Amino acid sequence: MGGKTFMLMAGGTGGHIFPALAVADSLRARGHHVIWLGSKDSMEERIVPQYGIRLETLAIKGVRGNGIKRKLMLPFTLYQTVREAQRIIRKHRVECVIGFGGFVTFPGGLAAKLLGVPIVIHEQNAVAGLSNRHLSRWAKRVLYAFPKAFSHEGGLVGNPVRADISNLPVPAERFQGREGRLKILVVGGSLGADVLNKTVPQALALLPDNARPQMYHQSGRGKLGSLQADYDALGVQAECVEFITDMVSAYRDADLVICRAGALTIAELTAAGLGALLVPYPHAVDDHQTANARFMVQAEAGLLLPQTQLTAEKLAEILGSLNREKCLKWAENARTLALPHSADDVAEAAIACAA
C-alpha cells in the first residue's frame, strides 16, 4: 500500500464537514489514505460514509451552554474519548491528523499530541472555535480562511469549496446581456431560516409589482408549503423549492443572494463571485457569522443586515435601491476574495507535516 494515512477530524455542522470532504478528495487524488474521526449520532455519521471514507466515532457532545451535569462529567468523558482516539490512531497507523473543528476535534487532537503525531488545523470562521484555539498551541501548521482568525504567518488559505463552483465564469461574463428584473436567490441553509421565510415575502409585497425582483427561494426542510402559501397570500410571484440540489446553476443565474453568513456560504459566494445581503444567525457561537459577514462587507461585496434590524420595510427599502450594475460590482468584489486552491493547499500542508 502506498501513500500516507491521514485522520480528518470534523463534525457537528456542514461548515466543518464539507470543507474537510474537499480536503479528503485532494488527499485521495494524490494517492493517500483518509479516515475520519466524528461523533456518534451526528451529521457526519450520516454524510461521510456516502463518500467512501472510513468513519470512526467518539461518544462526545459539546459543552458550551449545556447543563451542569454534562460539565461535571467532562473530565471523565475527555479521558475516555482521548483514550479511544489514541486506539484509533494506532489501529490505522495515522501519520498526521487534520482538525477542522467541532466537538470531536479536541480529544482527537490531544490524542495525537500524546502520541507524537503531527497536527494540522484549519479554521473556517473569522472567529476561531474553541477546539481549534486549544489545538493551535500544539499544531505543526495552523491554517485559516479569514485573515484575523489566527496570526500564524503563511496560514491564510481560504475555505475549501467544490471545484464546480470555483470554475463558474467570472461575474462580468455571467452578467453580460442580462436585462429586466433582478434575479435574487434566497437560502437559509438546508434547514432554512424562518426569519427569511417570513420577511422576504412581506418585503416584496411592499414593492410595486414592476419593481419586484424575480425570486428563487429555498424554504428548508418541511417549510415549502407554508412559504409558498405566504407568497400566494401576498400576491407575490416566486419560485420556491424545499432544497436546491444544483447550487452551481443557482449561483450562476443569480444577480444577488440573501442568506446567512456561515463560513461555507461565504466561501461559496466568494468562489462564485456573488454579492449578498447577509443576515447573520444571531445565536452562532462567538457570533462568528457577524465576523464572517464583515469580511465581505469590508470588501464592498454586500450588505450586513443584523437580524434585529431585519424588517419587511427595511428589506423593501434595500431591494428597491438595488440595480444590476451595483450587483455586478459586488459580485466582482466578492470574486477578488476567493482563494480557489484552498483544498489543495491544506492537503499539501498536511502531506509536508507527515513527511
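Just so you know, glycine gets a Cβ as well, placed from its N, Cα and C.
Features reported for this protein in Swiss-Prot:
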type	residues	note
BINDING	T13, G14, G15, N125, R162, S190, I244, Q289	UDP-N-acetyl-alpha-D-glucosamine binding site
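Shown here: features listed in Swiss-Prot, placed on the structure.
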{"residue": "T13", "record": "UDP-N-acetyl-alpha-D-glucosamine binding site", "Cβ within 10 Å": "19"}
{"residue": "G14", "record": "UDP-N-acetyl-alpha-D-glucosamine binding site", "Cβ within 10 Å": "17"}
{"residue": "G15", "record": "UDP-N-acetyl-alpha-D-glucosamine binding site", "Cβ within 10 Å": "26"}
{"residue": "N125", "record": "UDP-N-acetyl-alpha-D-glucosamine binding site", "Cβ within 10 Å": "28"}
{"residue": "R162", "record": "UDP-N-acetyl-alpha-D-glucosamine binding site", "Cβ within 10 Å": "17"}
{"residue": "I244", "record": "UDP-N-acetyl-alpha-D-glucosamine binding site", "Cβ within 10 Å": "16"}
{"residue": "Q289", "record": "UDP-N-acetyl-alpha-D-glucosamine binding site", "Cβ within 10 Å": "28"}
